[in-house]
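Undergrad: Following this message is one structure expressed as C-alpha cells.
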C-alpha cells in the first residue's frame, strides 16, 4: 500500500473558496427550508422513511455478517488511506471506501463487486446489460444529494428487491459488464441534477430520433476505369439551384432560431440548481481495449444510455474502482470531465490504493545508497503486491423470469421531452402490448399527436400499430407468417369502402404481390419478380349512382397493366402496357421503345360485339416506328386479339379475387381484434403448465355437465319401481336404499376406464399379422419363387419368436401384479 498520496493539489467545483461559499449557502438554504417543512425541491431530498426489507442472517452466508481476517486487514488499510487523504486534501469530500452492507458490516467497495457470468445472449453486449439494469431496478434517491451513501447493499440484495440508489445500480451493472468481459469500473463523482434525479423530461426520446441509414453498396460494383466515356451533362438551371439552396439555408436558419428560442425559454423556466457541482452520483466507466472497444465511454446506469467521457453532464470524479483495485483521481476537475484522461497507470493523475500483480507498479519505493552498493551484480526482488481478497458476495443469480419480466410490477413509465414511453412485461397485458410511445405537440403533454404501440407474442403476428390523432389514420405492421402474407396495413376504419393501403411479403405469396392500394373508385396492385414480367395493374371503377348501395358489386371501367422489359424478345414484340377499355369495348397494346426511339409501336383493337363476327381491318388501328419493318398480317392481328380477349377475362377474374381477398382480410382482422390470442412457446414451461391445468379444469367441467344431462334424462326411480312392481308407494327399506344405490351408480360412471395393456395389444397385433401372412402364402403358394419362400420362412420364424417373447413378458407382468396384490 502507498505510504502517502502524492500529486498536485486538486481544484474541484466543490472545493476552495467557491466550494466553501456554496457549502455556506447550502447550509443557510437548508436551514431556512427545513423551517418551512424541509421541502427543498420536488422529489429532491426524499428521505426514505420506508423500512427496508429485513434479511435473516440464517439465510445468508457468514461472509455477509462477518469479516474475514483478510477483509479486516483491507478495512484497516482503507481507514488508513482515508486518514491520509483527509489530511492531505481537507477541502475534498470523503471517499467511498467502506460503507456498511445490509447487516451493518463494513465492506470494502472492491469486494462488493462480483463478476456475473450470465448465459443469456441478450446480456452479452453492454447495451443489453445497461438496458436490463435501468428497466429492472427502481431508483431510490440518496438521503442527502451532496453526500456519499453510508450504506451499500450487496448485488444479491438489490436483485432480490429490485430497488437501490445510483451506487447500487452502478455496482450491479459493473458486475454484469465484468462477467461479460468488459474493462469496467464503478465511478464515484458528481453530475448534473437531471442525471442524478433521472429526469429525462428535457431529453428527446431515443425512439423519436431519426436513425442514420447507411446505403448498402453492391458487392459487385464496377471499378472506375481510367479511360471511360463521360456521362452526359445534366441540364439543370443554376438559377433554380441557387434559389433552392437559398430556401434551404433560410429554413435551417429558421429552425436554428426556433431551437435557440426554445432553449432560452427552458433556461428561463428552469431556475439554476443551488447544488450544481455538489450532487453525488455514481456511474460506470468502460475503458478501451477489451471486447473490441476502441474508445472509452461512460454508462449512466439509471437511464442505460452511453455518453462520451467528455460529456458536460458529468462534473467531476473522486475515485474509480473495480474488483481488483481502487484509484483516487488527482486531476483538475474545474471544467468537469472534459479534459480528464483515464490512463490509470499514470501516477501523476491517478493514485492506486494497493500494488498487486494485476496492476502495474505505479510508484516503487526508493532504494538507499547502502542497498545500491550491496546490489551491484545481484538481481533485486520486486515487492510483492497485496492481492484483493475474494468477494464476500455469493453468486448473483438472474433468472430467465427476471430477464423476461424486467420491470418491477410489470410496467414502467418514462417521461421525455414532448413524449411519454410506457413499457410492459411480456404477457402482462392481455393484448400483448409491450411498449407504448405517445408523442405530444406541447411540452405539458396534453395534446396527443401520435401513438405508437409495439406488441409481442401475438397470434395474429401484429408487431406495431401507429395512430395519427390528427387524421385518425392507423398503420399496422405484421411479422412474416400471417395469413395472406400481409406486411403493412394502413387505413382509417376497417370498412371495405374506405381507402386501404396494404403491403405484402411478396416471396410468401404465389402471385408475388408486393402492395395493394384500394379506394372507392380505384385499385392498384404492384408485383415483384413475376415470371410474366408483370409490374402492376391499375383498375378504375365506374362511379356509383346516388341511389345505389355501397355493398353492390362495382363495375369496372378500365384496366391498365404495365410490364417490365423482357430482354429475350425484341422491343417491338415486347409489350409494355395493356389497356382494357371495358366501357368502350376496346383493347390497347403498347410495346417497349426501340433503341434511339421516342415513339413506341402500338395497336388498338375494337372488340367485336359478337365473338362469331368476322374479323375486319376496321377493327384494328396500328402504328410501327420502323417504316421498313414488315406490317402486321391479318392472321397475326386476329390471333393477337383472341389472346388479348382471353387475357382480359383472366384479369377480370384476378381483380374479382383481389376484391374478395380484401374483404377476407378485413373480416379476419375484425375477428382477431375481437378475440385477441397470444402465442406461448413450447419451451415456456410455466405458462404451458398453467394452460394444461386450465385445460383439465375445462375437461372436468364438460364431463360434469355431460353427467348432469344424463342424470336429468334418466328416470331415477326406474330401478326401485321395477322391484316394487306397479305399486305407487315405496317401502321404507326401498326409500333408504335408493340414495346409496344412486351414489354408487354415479361413482361407477366417474371411474376412469382401465388402460389397455400395451403388451397385450402388441401380442394381438403380431398374431394378426402372422395369420395374414400365412393366408397370403396359402393363396399364392404356386406362384412363389424360391427367394419368396425363403423370405416367408424367415418372417414366420421371427414373428413366432416375437410372439413367444411377448407371451413371456405378459406372464411376468401378471406374476408381478399378483405379488403386489398379496
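Along the chain as shown, the residues are counted starting at 1.
Using N, Cα and C of the backbone, Cβ positions are placed for all residues, glycine too.
Nobody curates TrEMBL annotations by hand; they come from automatic prediction.
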Undergrad: What range among 296-326, 327-357, 358-388, 389-419 does TrEMBL describe as region 'Disordered'?
TA: 358-388
Undergrad: In TrEMBL, which of 728-759, 760-791 is labelled region 'Disordered'?
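TA: From TrEMBL, the annotated region 'Disordered' range turns out to be 728-759.
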Undergrad: Could you give me the DSSP helix, strand and coil counts for the domain 'Dynein regulatory complex subunit 7 C-terminal' (743-811)?
TA: 59 helix, 0 strand, 10 coil
Undergrad: Give me the DSSP three-state residue breakdown of the domain 'CEP76/DRC7 peptidase-like' (280-353), ordered helix, strand, coil.
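TA: Helix, strand and coil residues of the domain 'CEP76/DRC7 peptidase-like' (280-353) number 0 helix, 30 strand, 44 coil.
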